[in-house]
């Protein structure tokens with residue numbers, strides 16, 4: 001068991017597949033690690049309810065934060081609601097190894113406060129077009145791991161994975177990125193390996 005709780009921030013635009021990724025990560029990791037989730041929604045707890053319905057974790061391990069107004073503020077300038085939620089989860093479940101913090105749907109300029117996130121994953125999806133990686137922004141260029149999700153939609157929307165691969169390399173330099181598809185599980189084990197290795201997680 002880790003001595004300190006690893007906080008992983010998961011950001012990305014609305015509809016990119018953040019909640020589906022969180023659900024899959026929980027299902028894969030819950031037997032090996034003591035984990036919990038904080039979700040951010042503007043006016044509802046819809047993402048938290050999705051995770052509960054899909055039995056990602058037990059309900060007492062999931063807290064939905066209603067950010068109101070601008071969701072970026074809750075993960076950056078004023079992370080107090082999220083930090084309070086993490087404190088609540090830590091009190092409920094002593095010895096937490098991992099907390100996944102899912103941001104509300106954001107734009108390419110949103111970033112996590114360093115006090116809220118030790119590792120940041122940024123999720124974009126192929127259906128938004130193959131130009132997204134080269135648009136840049138902190139999510140694309142500075143996140144610890146960029147996840148290019150919904151690869152199965154590439155032929156439908158006419159997006160080139162080769163172009164996205166090239167542009168992601170150009171924009172990110174040496175920083176890693178992974179192509180994924182949560183329906184088939186493509187890329188999931190690579191994402192898990194990244195979290196465990198970079199977060200130095202040790203199974204109990």
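Any Cβ shown, glycine's included, is placed from N, Cα and C.
Listed in Swiss-Prot for this protein:
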- 12, 13, 14, 15, 16, 17, 18, 19: GTP binding site (BINDING)
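Features as recorded by Swiss-Prot, highlighted on the structure.
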residue	record	CB count, 10 Å
12	GTP binding site	26
13	GTP binding site	19
14	GTP binding site	10
15	GTP binding site	14
16	GTP binding site	26
17	GTP binding site	24
18	GTP binding site	28
19	GTP binding site	23
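Report note: the GTP site is defined by 12, 13, 14, 15, 16, 17, 18, 19, and the residues of the same chain whose CB lies within 8 Å of the CB centroid of those residues, excluding them, are 105, 123, 125, 149.
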